[in-house]
Amino acid sequence: MTEVRRRGRPGQQEPSAQKGAQALERGIAILQYLEKSGGSSSVSDISLNLDLPLSTTFRLLKVLEGADFVYQDSQLGWWHIGLGAFNIGSAYIHNRDVLSVGGPFMRRLMLMSGETVNVAIRNGNEAVLIGQQECKSMVRMCAPLGSRLPLHASGAGKALLYPLPAEELVDVIVKTGLQRFTPTTIVDLPVLQRNLDEARACGYSIDQEEHVTGLNCIASAVYDDVGSVVAAISISGPASRLTPDRFVSQGELVRETARNISTALGLKPQAD
């Protein structure tokens, strides 16, 4: 007599279902491995560390790429966590963390600086804009949410870089390269390292028309309760208004805001 299995009842899985579950588990394992690897890795490293055939690994990466969970760097061929993963994680980000905790601080910074305030997080070897508080000025600089920013040539990107240990910092820069976007983009590694040393010392980074001509940005790192960098907060404005003579005063405002958000996230203030 043939057994009739009701929908939803537990029972032995069909071979196709077993294969589907296995593929899902492997896809999740790939995303978890990329996350633990700083957001990016080569297909051969993924295959080796997850003990998967190279062809299977590549096929799974292509499926994940189709859903925008990963993307492949056209220069190095490395695979990176994509915006699809960010969009799913943004539900968590929206309900807890920098945006929900930092909202009032962002608005205060916008009012005091007179410039648009942005929040960015690191996504592999790029910074991604996840939050914004537009200023009231008729002329204002606003990038769309989800915009990708180069780590070496943006205020937020450099604020995500300068807290990193020296070895990790160099490793990230080597992976990303030093692409020139404007005449003032820093494309020399020793010069960038000195620039980041200065940013670390004063607590904020400066992008002086290094990514977009006519746009200046000042940013500072935001830390969680264990002292890990979780985001960067920045102000951006036209170079004609956010001028070099205002960098120090505005930088101090940005630094103070980043510290306040970090404290609200649970970071214990360090004794002087």
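Glycine is no exception: its Cβ is also placed from the backbone N, Cα and C atoms.
Computed from a predicted structure; not experimentally measured.
Binding of glyoxylate is attributed by Swiss-Prot to Ser154, Gly155, Ala156, Cys217, Ser234, Ile235, Ser236, and within the candidate set Asp207, Asp225, Asp245 the record adds Asp207 to that site. When secondary structure is read from DSSP and collapsed to three states, Ser154 (glyoxylate binding site) falls in the coil class.
Compute the center of the Cβ atoms of Ser154, Gly155, Ala156, Asp207, Cys217, Ser234, Ile235, Ser236, which mark the site for glyoxylate; besides them, the chain residues with Cβ within 8 Å of that center are Asn118, Ala159, Ser205, Asn216, Ile218, Ala219, Ala232.
When the binding-site residues Ser154, Ser234, Ser236 are compared by the number of other CB atoms within 10 angstroms of each CB, Ser236 has the fewest. Mean pLDDT of the predicted structure over the domain 'HTH iclR-type' (21-83): 91.
Take the CB of Ile235 (glyoxylate binding site) and look out to 10 A: across all protein chains shown you find 30 other CB atoms.
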